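Taken from Swiss-Prot as is:
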type	residues	note
BINDING	455, 461, 464, 465	Mg(2+) binding site
DOMAIN	39-148	domain 'tRNA-binding'
DOMAIN	401-477	domain 'B5'
DOMAIN	698-792	domain 'FDX-ACB'
């Protein structure tokens, strides 16, 4: 944003130097990148009037001029500009004048003719990069007045780099508000005249997509003076704001934008067919823009259209098919509020940049449109004449930003900054910003935010404003004063830490994978589940939220196995996402897998592949470390697991997870030539609320008894163990181990032989043979009743 110091002083009468103002604005968060003079350094250049001209006798391109400088005698000037003519007010560099670039004007003869000065162009005075002919001044310019004084050239432009949240400062008015509150000065309100309609002409405005444009104001002005030109004072202010002059009506639009912050647009009324429609584009529609670029629209681009065609990309750039030109006599003025979300990104998508889009995508004041339209009307009528129609306003209150009001806790200023600022000082600073304090209760302010401050939404925003205006330099380094309370670690966090350390100690590598997974892989593993689809995925291979931990682990395993890793031991702790009746639920899980050769090369033993029992044994050790006693592995089927090598894991009577070998069908699909053993558990099922108690080691002897029997093949060792544990008195059974399983010759086809070893011990006395024999007899009888076992001798 480029801001003229003199223009700014019309709104707030400050006395700061350029350096002081730049430093003050920068410290307040409006970073000033540069401060530049508005014109080059020159002296003795005055306003003059060309009285008469005649051709140079010896040069076709030179003209002899008599120039009035409000002295006794006119001066003789030789000029080479094509636009010099009698009656023209010009900029005359007198003899002795110094111009930018080091040029000094002296009396001289050009082709034999006396020249007592030089008629200057805007380029020669450093007022423009390019210009044609000499500078033409207003007919009312006072002859003899110093040009610097007449054009107020002893001015500087501040180039301010605004942060995205400060959309309110994209205008002279916005910056003036800041300067006023920073210096505790009143803002000089510039009255806006309400122009009464002279004609009844209007256009119908249809807000077809009012969510994108909730307010649209317009006005017709007829019978413009085609000879009118933009006044020099306005052209100068536009130049200082970084905008070139084009046409009186267009220049007024840009001037109001710089002054008030409301971007506007003017259409040639003769090129509008019937009505104004604010709608989204139709895919394939084409529009030639004002810069000559032709764009193909789509249904994400908001356009201003008439009955038959688009006229402009809303809030970004107008179309050439409705542009105001030199012969335009009737215009339709637009002043609208566009939803920032609608405009944001569209300009960049099309490679466009405009002052309008820059303001609209950051947010303009939603209450400014009619005021800006009245201001523009007043200026156009004063410059180009014409007859104005009534203001047309269409709006949809449902989509207009509402008034922001909330209860501000002033104690947060000290909590967040450490500064103790008096309540009255806070109140003055907030009111200086235009914040209305409706009510004060203790340390609370009930506040209403002005409509132009779209960035103020909560307590923290007001704290920032207060400290910004109070002065960041008043923030002193000081020790933090706060109470420190040790954080509590949840049971789930403790379990996760324990499990992670335990698996790492067992030689497993922890993986961390995306929560987004490949739909093809996930659906192969969990075909019965519903999955949460991502609306905007990183890629099509990461377009679903994981419903289990296996997809990420298997993907990591495949990656490593294809890179000559002969042994893979992975585990991962993470969150999975279940869809239950359309509701998304999260749960924490631990999962792991084994694949490849167990152990390193060793001369004393041959290598073997990991199997189901390696992983089961690791899990049993984990459960023992967590003091989980009620754990069962119940043979069951899972779509992703081998039908004969899979089991549910039941902890404390509740289903908690799965263990098994990857289904051969999936191993083939993933091009794996070795078994993959994997498990998954709900992390919360590992939480054991029982507090472990100290128990001394028994000093009494242990007694071992072995049993061998035939049992149906479908009976598992765990079922047998459960019956035995329920039969043995109290806690005599210290260990239960299966040391032999045999199926084959000498055993019926539907049977298997199982041999188990039991260790019995009492903690308070020595067990006698009679007690042991009674216990063994009870076990055998119970097993015979439950499973029809046949005891082997």
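Cβ atoms are placed via backbone N, Cα and C, with glycine included.
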Which chain neighbours of the Mg(2+) site, leaving out 455, 461, 464, 465, have a Cβ atom within 8 Å of the mean position of the site's Cβ atoms? 165, 453, 456, 460, 462, 463, 468
Can you check which residue among the binding-site residues 455, 461, 464, 465 has the largest number of Cβ atoms within 10 Å of its own? 465
Kindly report the helix/strand/coil residue split of the domain 'B5' (401-477) according to DSSP, in that order. 32 helix, 16 strand, 29 coil
